[in-house]
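Q: One structure coming up, written as structure tokens, with questions to follow.
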Amino acid sequence: MAHRIAFLGFVALAVCASLSLAADPANLQDFCVADASGNTRMNGLACKNPAMVQASDFAFSGLHIPGNTSNAVGSRVTPVAVTQIPGLNTLGISMVRIDYAPWGINSLHTHPRATEILTVIEGSLEVGFVTSNPENRHITKILKKGDVFVFPVGLIHYQRNIGYGNAVAIAALSSQNPGVITIANTVFGSKPDISTDLLAKAFQVDKSLVWQLQAKF
């Protein structure tokens, strides 16, 4: 019995240890305002001396200003992450404003380090994401002003303005630095190029089409 209790205790300790390693470490101070001039390499940014911290380290102005959507996809993302607000460092959160021209899209992309929760401020959006292999289920919905939608971490997702006027959304992300991988840019715009033969076989298309796409990106 004593051996069994000892074994169960060891298992419980191992499980607790694995859970603690799977989560971001908790702050051991009130804040860790990013020191852009710091040379220390770490998972995040070095902390500014707390005595030098000011209110401006926790503030950002300009999210009310529409982004310029005069581009090929008809959208513009305005980020509010640790680069814009140094006080976000180590807090595990950020946000963006997304502006959409009529029928503009926020192209297929993923955030490798964050779940995203989006709310429509103006207009109507078609949104969706695709689940992982092998199902590859496409989950999509039409959102109107005030509606909210969640994109799980790491999954390919998109938004499209389905109205004839401009649309605006605000999204929060569960990382100070969520990262973004735009699928078309990554696949066809890599430097150096991914092999044309490889892409043609992967997408089951002619190599001439791959060349055209690589030329665009």
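Every residue, even glycine, has its Cβ placed from backbone N, Cα and C.
Pasting the relevant annotations from TrEMBL:
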- 1-22: signal peptide (SIGNAL)
- CYS32-CYS47: disulfide bond (DISULFID)
- 61-211: domain 'Cupin type-1' (DOMAIN)
- ASN106, HIS111, GLU116: oxalate binding site (BINDING)
- HIS109, HIS111, GLU116, HIS157: Mn(2+) binding site (BINDING)
Q: Counting other CB atoms within 10 A of each CB, which of the binding-site residues HIS109, HIS111, HIS157 comes out lowest?
A: HIS109
Q: To the nearest whole angstrom, state the Cα distance for the pair HIS111 (oxalate binding site) and CYS32 (disulfide bond).
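A: Rounded to a whole number, the Cα-Cα distance is 23 Å.
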Q: For ASN106 (oxalate binding site), which residues in the same chain are close in space, meaning a Cβ under 8 Å from its Cβ, but six or more apart along the sequence?
A: VAL73, SER75, VAL77, ILE98, TYR100, TYR158, GLN159, ARG160
Q: Taking Cα atoms as reference points, which of the binding-site residues HIS109, GLU116, HIS157 is nearest to CYS47 (disulfide bond)?
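A: Closest candidate to CYS47 (disulfide bond), judged by Cα separation, is GLU116.
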Q: I'd like the Cβ neighbour count for GLU116 (oxalate binding site), meaning other Cβ atoms within 10 Å of its Cβ, all protein chains included.
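A: The answer is 23.
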Q: Averaged over the whole of the domain 'Cupin type-1' (61-211), what is the pLDDT?
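A: Its mean pLDDT is 96.
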Q: With Cβ-Cβ distance below 8 Å and at least 6 positions apart along the chain, what are the contacts of CYS32 (disulfide bond)? List them in sequence order.
A: GLY44, LEU45, CYS47, LYS48, ASN89, THR90
Q: Can you grab the distance from HIS109 (Mn(2+) binding site) over to GLU116 (oxalate binding site)? Cα atoms, rounded to a whole Å.
A: 12
Q: With every protein chain in view, how many other Cβ atoms are within 10 Å of the Cβ of CYS47 (disulfide bond)?
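A: Summing over all protein chains shown, CYS47 (disulfide bond) has 19 other Cβ atoms within 10 Å.
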